[in-house]
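Novice: My questions will all concern the structure given below.
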């Protein structure tokens, strides 16, 4: 009887376990911690998993140190460089020739064959160029992998599931990709831990750099500027080769004549870190694609704009995360930046494959996109100008040559000139001419000023926030190394509180610096002048020091939230300008108000408190006079971001600890673990924002009636309408045909300066390699030598662009002020009830009735008298 009962209970227990697992999975999917996995039969899942695993397995085998990556990079030679140069010239020549001969208009079978064959040949040559330049530009391989993975997924569909709707197929492969990501990561971690020689440390860096002959890339200044003259070797064939010599008996690259600090000479050899960390990057790419596929599996095509918005926000936030990781070093930032660049193109490929060319042209979807993202139109144009002006200039030059070829009529494969449409009078092709006509209809003043602002924002994030913040924190780390533990804690809290109140500065560098400084001072390890251990100021060793640092980080975050809520939001909440600053009437903030005012702690509320930015979340809580204890309680899960970031900083510090007797690293494995925790911190940081965005969107779709019932702040609305009235006047006085000649050229010069400053930072080496593990003494001179000549040239253009932007805005608002003071009627603005752009001082609305006509045409909203001026 008991055996029968046991046998009957077994299936029930298995069924119950499956039910519990499914329940946990659903909860994690709803939280955004897992991609929404479409259930498919196990045979199909296994088959898809095998197919999905082909690109990561092949890439890992070919380009990582787990496979043949070291051998491939070792084969680098001068012949490869020469071949790459020839291939790049051939690519430019073939594409120019095809364009000049109007290859896109060839309709015959032979023409189509030549066109397709030529494009395939160009693609192959581009791949070869990336492979041949793997040593000097290893991050191009990440870009190649991202694009190749997207292409492989699309090819899989056409090979094996051609009769399945693409959007259903996208939902199927989300689970296999997530599983492949975990498998890749697990295999890599096992490989790293299976052999001490596989761990990332100075030994690994020197060994790989020597194999890759990186000493051929070194310059005399690499020794003199970084004060490493004693690290130069004596090889007459390679006078700039470092002093490293491998000792087989001790299995060591360092000696009394060539000490461990000489490994800094190879800090620029990012290919070493890339080859070692390739599987880790692949795992992140697969994880990212699994969430993309989950996002692209909506129930209706109407949600396509929302899907586009999510992916775009994820990319922007990912690029912001790369800036916050800049203090980690070891090539991690460059790897993530290359990945997000490839992800942008890959998303476009998957979107086109998912919605199809016909659906993309569908008018309903275009209208939906236009209505939802109309406000972004001028921003997109500005980004195009700020990023692609040189490319557009080259395109127009080639278009001019193309038109000359057409007019000559020498080649029968080119388009004939249609004289009935006056094409013979055009300097460029008909298509380029139409684009110029369209460009002339833009609101140039608005577009140019936004272009300058986007460039300024890029420079602030990539130079000021990413470079000088790291320099300041490293200086603070050095100066505080001899201070008391209490003094260092006070410095971390004071500086961290100040940085928390600056919106461009993320919290990651603060926590990372705490992980570097507090454990070092608390334990006293390596703080003596000779590198030995100093006096411990905190009992319990490293573990207690890390726990203490995490608590300091948490208290710092909570204090910052308290300050923003109680010292800014609550006492200043009756001020109209502070409510405008947080855009109190915007749909996003209204949704946040709806969620935050709920009693108790819900998942959505905690997601916003943790994943939302300090501005305006904490300030909004103060304006709403929410209970502080409840807000701080809901912010506590930020601890899960603080812990991996602090541990990453601590492990970076531990990897630098050297035994003063044996001159061997005390914790050789710490460099590897620090990389893992930096990736984990970046994932938690970006994931928290994704979860917050998910719950905001969910509230909009499920609680629309409650959102409608939230009253509009009339004082803010009136102020917004006054600002929009001023904005209408501003828009009119800055209509391009109303702007004097001097100010037109002045604004052109500002855009030119902004573009030059950004291209300098993208195209050349403008700063010294510098991370939180460095000190200002590592620089070739004073603090300002962090940027070299090209870097300060970029800064000069940056400040020039800022000056032009500021002066143009001042001139325009002087004209607006003159109009107001004259007593003339202001334009009337329809009350919109708090649209998304409400609350932005000086911002232009996106609704058609409020827009001023593009170009020099008249506008019925703005008084005619102003137009006549």
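Cβ atoms here come from the backbone N, Cα and C positions, even for glycine.
Remember, it's a predicted structure, so these values are computed and weren't measured experimentally.
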Novice: In TrEMBL, which of the ranges 746-762, 763-779, 814-830 has the transmembrane segment annotation?
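Specialist: The listed stretch tagged transmembrane segment in TrEMBL is 746-762.
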Novice: Need the matching range: TrEMBL marks transmembrane segment on one of 140-157, 194-211, and I'd like to know which.
Specialist: 140-157
Novice: Looking at 252-272, 336-356, 357-377, which one does TrEMBL call transmembrane segment?
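Specialist: Spelled out, TrEMBL records transmembrane segment over residues 336-356, not the other listed ranges.
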Novice: Take a look at 83-101, 113-134, 273-296, 631-654 and tell me which one has the most Cβ pairs under 8 Å to the transmembrane segment (42-63).
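Specialist: Against the transmembrane segment (42-63), the leading stretch is 273-296.
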Novice: At a threshold of under 8 Å on Cβ distances, which of 113-134, 273-296, 450-476, 782-805 pairs most often with the transmembrane segment (666-694)?
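Specialist: Per the Cβ count, the answer is 273-296.
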